[in-house]
Amino acid sequence: MKIVVLGAGAWGTALAVSAARLAGADREVSLWARDAAQAQDMQAVRENRRYLPGVAFPHGLIVDAVPLKAVSDAVMQRLGQDDLVIIGTPMAGLRAVLTGLREHTGPVAWLCKGFESPQGPDQPVGLLGHEIQARVAPLLKAGVLSGPSFAQEVALGQPTALVAASEHAGVREALVTAFHGPALRVYGNEDLVGVEVGGAVKNVLAIATGLCDGLKLGLNARAALVTRGLAEMTRLGLALGARADTFMGLSGLGDLVLTATGDLSRNRRVGQLLAQGLSLRQAVDSLGHVAEGVYSAQTVVQRARLLGVDMPISEAVVDLLDARLQPAQALAVLMGRDPKQEAL
Ligand SMILES: NC(=O)C1=CN([C@@H]2O[C@H](COP(=O)(O)OP(=O)(O)OC[C@H]3O[C@@H](n4cnc5c(N)ncnc54)[C@H](O)[C@@H]3O)[C@@H](O)[C@H]2O)C=CC1
Ligand SMILES: O=C(CO)COP(=O)(O)O
C-alpha cells in the first residue's frame, strides 16, 4: 500500500508519522509539503520543526515538495492509481487540491474540519468538504478522517480514536488499513455529512468555551455551553441530512469535548485570547497554526439561518469575532434568552 499525505502542517505530519511507524515491507508513506524550503529542512533534520517540533520522523517516511495550489499533471504522474491520498491542507486549500486530484482512481480523504469560506457570487454560501468534492471532483472515491485528535498527542503515540467517514466502503477500509494500530483506533461511519458537521461546528463552539473559561465564568457555564452547543450542532446536522446518532460519536460529542475543554486546541485558545482583550487579528496571528472556527463561524450561522435552524451560541461567536459584541456582552445575550424546553 502507498500512502501519500499532501500538506505538512501539524496534522498531516502527525498522521504521516503514525502511518510510517506501522510501515512494513508492504507499504510506503510519503509526506509532500508545498513549501520547498520546508521540505528540504524536514529531509535534513528528519523533523517538522515549523509545525510539529520535537517529533522524530520514522526511518521509512519519505519527504518531498510539490506545488499543492495546483496539483498538476506532473504531480499526478507521481501518484500510483491505487495510492491512498490524504489531504492535509486547511479548508482554504481543499478545493484546489481536490480539483487537481479529480482523475485519481484510488481512495482520497481530507483531514480539514470546517466550512470553506464563500467563493463569491457563484457560490455565496460556504461548503463542507463533501459538497466541494461533489462540485469539483464528483467521480472521486473520497471521505474524511475526523474525530477527537490533537496532532501532538497522536505524534507521541498517545491512544486516540478516529472516525473514517465515507459513502465508499473502499475508502473507509483503506483508512483503517493505513492508520489503525496499537495507538490509533479507526472506526468507520457512512454518515459523511454528520461527521463533517461535527468537525466544523465544534471549532466554533470551542471559541465560545475558550471565551467562557477566559472570563472565568466557571465549570457550570462551560458544561452548559458544551451541552447546548451539542444540541445546536445536532440541529444543523439533521437539517443538512445527517443521522442523529453521529453526534453522540467521535466527531460530535467526542471532538466537542476535546476541543472545547483541551488546552491544546487553537480554537479554544482564540476564545481565551479574546477574553484577555486581544483583537481577533492579534489572537489569530499569535497561534502560528490555523483555527478553522474563525473562518467557519459566519458560514455556520448563514447555513443555519437558510435552513431555519436556531444556533444562538454560534450567533454569539460570530458577533464576537466581528467585534459587534464585547466578550461580556456575548454572555449577556446568551443568558438573556427566553426560557425554553430542553429538547432539540
Ligand atoms: N492540528 C490538529 O491537531 C488537527 C487539525 N485538524 C484539521 O486539519 C487541518 C490542518 O490543520 P493543521 O495541520 O493543524 O494546520 P497547521 O496550521 O499546522 O498547518 C497548515 C498547513 O497547511 C498549509 N496551508 C495553509 N494554507 C494552505 C492553502 N490554502 N493551501 C494549501 N496548503 C495550505 C500550510 O503550509 C501548512 O503546511 C485543519 O482543517 C484542522 O482543523 C484536524 C484534526 C487535528
Ligand atoms: O480538531 C482538533 C482536535 O480534534 C484540533 O482542534 P483545534 O484546531 O482547535 O486545535
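In case you wondered, yes, glycine gets a Cβ from its N, Cα and C as well.
On a predicted model such as this, the values are computed, not experimentally measured, just so you know.
What TrEMBL lists as active site, proton acceptor is Lys202. Per TrEMBL, NADPH binding site is recorded for Trp11, Arg34, Tyr51, Lys113, Ala151, Arg266, Val290, Glu292. Among the features that TrEMBL reports, sn-glycerol 3-phosphate binding site is placed at Lys113, Gly147, Ser149, Lys202, Asp255, Ser265, Arg266, Asn267. Under the heading domain 'Glycerol-3-phosphate dehydrogenase NAD-dependent N-terminal', TrEMBL lists 2-168. The domain 'Glycerol-3-phosphate dehydrogenase NAD-dependent C-terminal' feature in TrEMBL is assigned to 191-331.
All features noted in TrEMBL, drawn onto the structure.
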| residue | record | Cβ neighbours (10 Å) |
| --- | --- | --- |
| Trp11 | NADPH binding site | 28 |
| Arg34 | NADPH binding site | 18 |
| Tyr51 | NADPH binding site | 21 |
| Ala151 | NADPH binding site | 22 |
| Lys202 | active site, proton acceptor | 31 |
| Asp255 | sn-glycerol 3-phosphate binding site | 28 |
| Ser265 | sn-glycerol 3-phosphate binding site | 24 |
| Arg266 | NADPH binding site | 23 |
| Asn267 | sn-glycerol 3-phosphate binding site | 28 |
| Glu292 | NADPH binding site | 22 |
Looking only at Cβ atoms, how many others are within 10 Å of the one on Gly147 (sn-glycerol 3-phosphate binding site)?
-> 26
Span of the recorded NADPH site, as the biggest CA-CA distance among Trp11, Arg34, Tyr51, Lys113, Ala151, Arg266, Val290, Glu292 in Å, is 22
With DSSP, how much of the domain 'Glycerol-3-phosphate dehydrogenase NAD-dependent C-terminal' (191-331) is helix, how much strand and how much coil, in residues?
-> 110 helix, 0 strand, 31 coil
Using CB under 6 Å from any atom of ligand 2, narrow the binding-site residues Tyr51, Asn267, Val290 to the ones that qualify.
-> Asn267
Sn-glycerol 3-phosphate site residues Lys113, Gly147, Ser149, Lys202, Asp255, Ser265, Arg266, Asn267: biggest Cα-Cα distance, Å?
-> 16
What is the interatomic distance between the Cα atoms of Val290 (NADPH binding site) and Ser149 (sn-glycerol 3-phosphate binding site), given in whole Å?
-> 15
Is any of Lys113, Ala151, Lys202, Arg266, Val290, Glu292 (recorded positions) within Cβ reach of ligand 1, i.e. under 6 A, and which?
-> Lys113, Ala151, Val290, Glu292
Using C-alpha positions only, work out which of the binding-site residues Tyr51, Gly147, Ala151, Asp255, Ser265 is nearest to Lys202 (active site, proton acceptor).
-> Asp255
Using C-alpha positions only, work out which of the binding-site residues Gly147, Ser149, Asp255, Ser265, Asn267 is nearest to Trp11 (NADPH binding site).
-> Ser149
Of the binding-site residues Tyr51, Lys113, Ala151, the one whose Cα sits nearest to the Cα of Asn267 (sn-glycerol 3-phosphate binding site) is Lys113
If you draw a 10 Å sphere around the Cβ of Lys113 (NADPH binding site), how many other Cβ atoms fall inside it, taking every protein chain shown into account?
-> 29
When you put Tyr51 (NADPH binding site) at the centre and draw a 10 Å sphere around its Cα, which of the binding-site residues Gly147, Ser149, Asp255, Ser265 have their Cα inside it?
-> none
